[in-house]
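K.L.:
Below you will find the structure I want to go over with you.
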Amino acid sequence: MSDTLTSKLNPLSLPLRQQLGLLALALLGLTPFWMGFLYAGDQGLLHIRTITIAMFIGMFAMSWDSVSGYTGQISFGHAVFFAIGGYGSALLNLGWGVPPVAAVALGTVLAAVAGLLIGVPALRLEGPYLSLVTLVAPLILLQIFIFRSDVFGGELGISNPDPLVSTSGFAQETYVFFYVAFALFVAILAVLLAVTRSDAGSVLTAIREDEDAVAASGLNPAKFKTFAFVLSASVGGLAGAVFVHTPMASPTPSQLLAQTVSIEVIIAAVLGGMGTIVGAALGGMFLSVFRSQLSNVGLTVPGLDVSVGDLDLVIFAVVTLIILFALPGGVLRWGLVAGRKLIGADSAAADGGRTPVEQTLEKFREFFRGGRDD
């Protein structure tokens, strides 16, 4: 038995794509070390902060993909949950004196409740009607934030929520919050991969492909979609809540709630590969780092008398179109297909490739069934 357990825990026994994924996570976790070799002084610290922000955008992209990429229910206003988590946590901390960790937990709960309140009626709609509901929700919340500027700070937002962890000095602050973000990134990635690869995740994918067939099999698609929507809202709210308690962010409409935030996360997930979770994470991080670095380019475009940094949105849009036309399934799917052509498909694991967490979720499948008696 111990030999079997050791074999399962041995990274070398995993399929190659999973080994590469673990290697990528290890390299990401070592960012402060290799940044120290590449850059000197504060420049390296600033790059670490850029990657820290990118991980939060990656988490937000994963939250969007867990509902839109798997159920096919496209949400155009997912920033509403990012903002509810962030603003809720900040207000609880500054207005009620709630410690940051507890405020983050409560902010996540608020986002989950919002997901339930929006999701239950919205998911009964289909096609453009559902998309319209998700598009309008953040616009309503934005007007509330501006109208009640005495509470939410208006366009300026809320200043200086307490940090999640007390630090001293720019360098320590950078390293500590990098690893806070990294730990949360890995945890969210693991949970969403477990859920989407469980029986419940298989049903979500089936709903995307043929909802009528799922209903005909005796399962209730509405309950599965609501579960996915609330899970997605919770993850988005958690990312937003932790984000505002770092020195890299503050609760402002432009940073948490603007329509561009929702659109960018859709672009990120599509570029990386919808319905993969990992692709959404990669797309979110790429988008964040690419735009950050591009905005710092001071070169002037010949004939336009404008800097490259001022055209970051235009350049990013062009790059996005090129990738979409060249790799319509997303970068991750293209990489997987190319890899299989080079080395052949990985053999299936003896347990079907499911982790213990996924096998445990299978036991709770009946909780997701609708109106069926044993």
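Cβ coordinates come from backbone N, Cα and C, glycine included.
Look at TrEMBL and you will find 20-39, 46-64, 76-94, 101-123, 129-147, 176-195, 226-244, 265-290, 313-332 tagged as transmembrane segment.
A description of the local structural setting of each listed feature is requested, covering burial, neighbours and distances.
P.N.:
For the transmembrane segment (46-64), the list of distant contacts is 28, 31-32, 35, 38-39, 75, 78, 81-82, 174-175, 177-178, 181-182, 184-185, 188-189, 192, 232-236, 238-240, 242-243, 246, 248-249, 264-266, 268-269, 272, 277, 280-289, 292-293: same-chain residues at least six beyond its ends, Cβ to Cβ under 8 Å.
Within the same chain, residues 60, 63-64, 68, 100, 102-104, 106-108, 110-111, 114-115, 118, 131, 134-139, 141, 145, 151-152, 158, 160-162, 232-234, 236-241, 243-245, 249, 251, 253, 256-259, 261-263, 265-266 sit at least 6 positions outside the transmembrane segment (76-94) and bring their C-beta atoms closer than 8 Å to a C-beta of that stretch.
For the transmembrane segment (101-123), same-chain residues at least 6 beyond its ends with a Cβ under 8 Å from one of its own Cβ atoms are 73, 80-81, 84-90, 92-93, 130, 133-134, 137, 161, 164, 222, 225-226, 229-230, 232-234, 236-238, 240-242, 245.
With a cut-off of 8 Å between Cβ atoms, the residues of this chain six or more beyond the transmembrane segment (129-147) that come close are 73-80, 83-84, 87, 118, 121-123, 153-155, 253, 257-259, 262.
Here the transmembrane segment (226-244) has long-range neighbours at 56, 59-60, 62-64, 66-68, 70-71, 73, 75, 78, 81-90, 103-104, 107-108, 110-112, 114-116, 118-120, 122-123, 158, 161, 164, 180-181, 184, 188, 191-192, 195, 200, 204, 250-251, 256, 368, meaning same-chain residues at least 6 beyond its ends whose C-beta is under 8 angstroms from one of its own.
Cβ atoms under 8 Å from those of the transmembrane segment (313-332) belong to residues 267, 270-274, 276, 278-279, 282-283, 287, 290-291, 294 of the same chain, restricted to positions at least 6 beyond its ends.
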